[in-house]
Amino acid sequence: MQNHGGYMWKRVKSATLSNAAICHAFVEFPSKINQHDRTLGPNYQTYLWLLEGLLSSSSGSSIDGKKLHGLILKSGLNGESELCSRLVEFYLHNGLLCDARKLFYEMLERGVSLCVLSWNKILSELAIKKLSREALCLFSRMLRENVAPDEFTYYNVLRAFGGDAGKKIDFCLTEQVHAKIIQHGFDGSRFVCNPLIDLYSKNGSIDSAKCVFEGLGERDSVSWVAIISGLSKNGREEQSILLFCDEMHANGIFPTPYVLSSIFSACSKTELFELGQELHGLVFKWGFASEVFVCNALVTLYSRWGDLKSASKIFEKMTSKDGVSYNALISGLAQHRFEDQALFWLQKMQDDFLKPDCVTIASLISACAEIRALDKGRQLHSYALKAGFCSDMIIEGSLLDFYVKCSDIETAHRYFLTTKRDNVVLWNVMLVAYGQVGDLSEAYNIFLQMLTNGLEPNQYTYPSMLRTCTSTRALDLGEQIHTQVIKTGFQFNEYVCSVLIDMYAKNGLLETAHKIFRRLTENDVVSWTAMIAGYAQQEMYVHALKLFEEMLQCGIQSDNIGFASAISACAGIQALDQGRQIHAQSCIIGYSDDLSIGNALASLYARCGRIQDAYLAFEKIREKDNISWNALISGFSQSGHYEEALSVYSQMNKAGIEANLFAYTSSISAASNVADIEPGKQIHAKLFKTGYSVETEASNALVSLYAKCGCIDDAKREFTGMTEKNEISWNAMITGYSQHGCGKEALEIFGEMKRAGVAPNGVTFVGVLSACSHVGLVEEGLGYFESMSMEHGLVPKQEHYVCVVDILGRAGLLNHAKKFIEEMPMVPDALIWRTLLSACTVHRNREIGEFAAQHLLELEPEDSATYVLISNMHAAVRNLTSRDKARKMMKDRGVKKEPGRSWIEVKNSIHAFYAGDNLHPLADKIYEFLEGLNERVVEADYVQDQYNLLVEAEKGLASNVHSERLAVAFGLLSSSNGIPLRVMKNLRVSSRGKVLMLARQDSTVLLQSGKSE
């Protein structure tokens, strides 16, 4: 028996230890071993050989190992540490981690002494499986068992912590492990410190990672990869680039593909594209041009830069492409709106059996959202459903944003209801959606549901709601949201405060907006620009420019919105030189092609009357929008270049640009100021087609148009048909009646306005006082003037005092008018003295007339109208000597009288006439017709004041016939009975021009004039 046993052990020992041999050895073992003669059975060495055989055999099964484990247990050798260590190693080798851990802990419970190598093997497997919690428990047990960790122990523990990407390890815990590393003297070991750097980086403790890196005596490529990628991923991209350029590259350390990919990623994030392009050259030098990691990073770099040609070239030259390669290119193409190419490569990606990731699909959906490609976006939605991506947070946000931007709010809401709705971003998108369509009620419901569901609003939630409150003029709700902002601690958030400033500024509460602005502790450019824009929008242009200057003095660099607002403020006060300086600053910083600045500059030149400069600024705008065209139309209209404004509107139509409400109202305003009804009617027709005719702003402009063009009945019809009227609507109708001499009707409209509960403003009272002046209601006019301050809290301005002076002057109460002027709380302007002087001329009051003339000469010594009025006054009181002195004074001072010019539209053609014009083809017939009219005027018992300067100058001189008389005569000659005649004059209509309507009572003549002739 002994010989047989010896033969057997010798055979096992000398066997190749294949799986078959080991199993055969099991079979040959006696089933029962003589407990008294252990020399005949397997011993410690035998089991050790067998375990070594199982570990070295490629085909050793787990069943064999478990059988062997059973035999060891039966033999009572389960207390041998070496055997147990081999068994643990076998279980780990076969992927039986649970069995290995169970055996390992049983050994610990039995007090079996285990070497550090055994601990390290378990820790290594836990690290591979990313079981950080289990690794931590085992490491803690190891320390309690007084087993001294070595480098491999810490390496495995740190790998286990860092490998669990989904979880962040507590910073204090990481520091405790770090302290143990220092305690055991491994703080200079690259093998230990490299994963420690990586762990700190992944958990956001980048400063600690830097300290570990700097403490390393010798660094290898892994060290550099860990710190550079860590800096890049933790928002320290510039530091990672500097570390690479100033230390790694400068010291001649050869980089790895992973280092380069991190550097290119950092260049992409910081938009240092030129630096990335320079570093691209080193890729070829170091032979990394075929490395997938490097090429992927380069494709991303060039894609974000917008150099899609280079990105595509790198991609196509790649010999090996992975999903990241395709995703980088497709995302770049999608972000730059090359959606067709992006979809092409998406198909190629699928042909290569690669799947796009969520980021790629989200980029494609976002691209479709930007170009409003609803059909393509829906196809991508279907693909996302099939691929199982719809539960991904990025895809959910992109899809919801896509439907919102495509204005498919109904689908957006249905999709929103299918999501988990535990992501505040989705709620914010829905708030934006309903704010986009101005549905405050639904937006507020979403906001309340969000709070009910326990979601906390963030810094983007409140701005979404506040913007909707601003656009819908819901200030009360906006103030309630503001209260919620304070309660939740967002009152100092720059983004939230900028929207609050905008809301209060647009509602005219600039003091509240300014208080919020001044409470901010950080100098945030968005808040500054919001406040500057608020002042500019409320026409407080000087305040806007002062704040802009203060911002620059504080060292805050303005953004494009700040520059645009400042230039707009310059346009508001016609500060052309200052506007040019601000534009120059914006160009230096890099905003030369910015759309908002270009629009503001065009508006500046247009409002300053610089027609050619305005057109040049307009042409330099690459992608013109509605605001670009509006800048010219409104600018020319406000600077008095009405024909240019209408010309731009016509060009806009020819270019196929769809005008918006602002463009229409500005064009109507231009048409009304040239008393040209035809283009106004054409624009009115456009308003009907586009649906803007129901807008209050459009109706207000139309009321003014028809009133100024003499169609007061059409103005009343438009006014009556308005569904909603504001103070501008009432003012337009009151002013229209007043301008037509319909004082009674104007006052009736004013009464209706008050009964409707609409508060009158300063413009209202100008119309009311003018109406009183036209119908001679002195006491009523003075009563209305007093009510401004007493009843309505309005402070009368110069224009209101002018109206009162006119009321008193027309009534012949010149002494009262003089006393009223002397008691004014402000210095009277030229218009007040001119009004008084005109009244003195009518009522032949030399004393007060000379008093008014003296003040008028002091204020406007260069205005020809001043001398004309003085001459007329002296002529009226038959003081021919003083009249001649006034004319001589005018000549001596080199003041030239602007020649009178009148325009009349007949049969869709504009005809212009100067005083004494003989150039018109029908000049002879016109003068002949005028002679006949003079006879009819005499027959009407009209006696002209022979002492009037202008009449006397005209007497016997055909060359001095006034322009408006020529225009009216031509109109009467050329038009059928009953056709209204509309005459536009640059100066005041003469007294003889005003009586031409007497000559032909079957035609209506509207005379619109400027200053005195």
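Placement of Cβ uses the backbone N, Cα and C atoms for every residue, glycine included.
Caution: TrEMBL annotation is automatic and unverified by curators.
Mapped onto DSSP helix, strand and coil, the repeat 'PPR' (220-255) counts 26 helix, 0 strand, 10 coil. Annotated repeat 'PPR' per TrEMBL: 220-255 (among others), in sequence order.
The repeat 'PPR' annotation in TrEMBL covers 322-356 (among others). Per DSSP, the secondary structure of the repeat 'PPR' (322-356) breaks down as 26 helix, 0 strand, 9 coil.
Listed by sequence, the residues of this chain that lie at least six past the ends of the repeat 'PPR' (423-457) yet keep a Cβ under 8 A from its Cβ atoms are 393, 396-397, 400-401, 404, 407, 409, 412-413, 416, 464-465, 467-469, 471-472, 474, 477, 484, 488, 490. What TrEMBL records for 423-457 (among others) is repeat 'PPR'.
Helix first, then strand, then coil: DSSP counts for the repeat 'PPR' (493-523) stand at 23 helix, 0 strand, 8 coil. Residues annotated as repeat 'PPR' in TrEMBL: 493-523 (among others).
Mean predicted confidence for the repeat 'PPR' (524-558): the pLDDT average there is 92. The repeat 'PPR' feature in TrEMBL is assigned to 524-558 (among others).
The residues of the repeat 'PPR' (625-659), classed with DSSP into helix (H, G, I), strand (E, B) and coil, number 26 helix, 0 strand, 9 coil. Residues annotated as repeat 'PPR' in TrEMBL: 625-659 (among others).
For 726-760 (among others), the entry in TrEMBL reads repeat 'PPR'. Beyond the repeat 'PPR' (726-760), the same-chain residues lying 6 or more positions past its ends with a Cβ under 8 Å from any Cβ of the stretch are 696-697, 699-700, 703-704, 706-708, 710, 712, 715-716, 719, 766-768, 770-775, 777, 780, 792, 794.
Sequence annotations record features per position, and here TrEMBL assigns domain 'DYW' to 952-991.
Sequence-distant neighbours of the repeat 'PPR' (220-255) (same chain, 6+ residues past either end, Cβ-Cβ under 8 Å): 190, 193-195, 197-198, 200-202, 204, 206, 209-210, 213, 262-263, 265-267, 269-270, 272, 275, 282, 286. Remote same-chain residues near the repeat 'PPR' (493-523) are listed as 459-460, 462-463, 466-467, 469-470, 473, 475, 478, 482, 485, 529-531, 533-535, 537-538, 540, 554-556 (criterion: CB distance under 8 Å, separation of at least six residues from the stretch ends).
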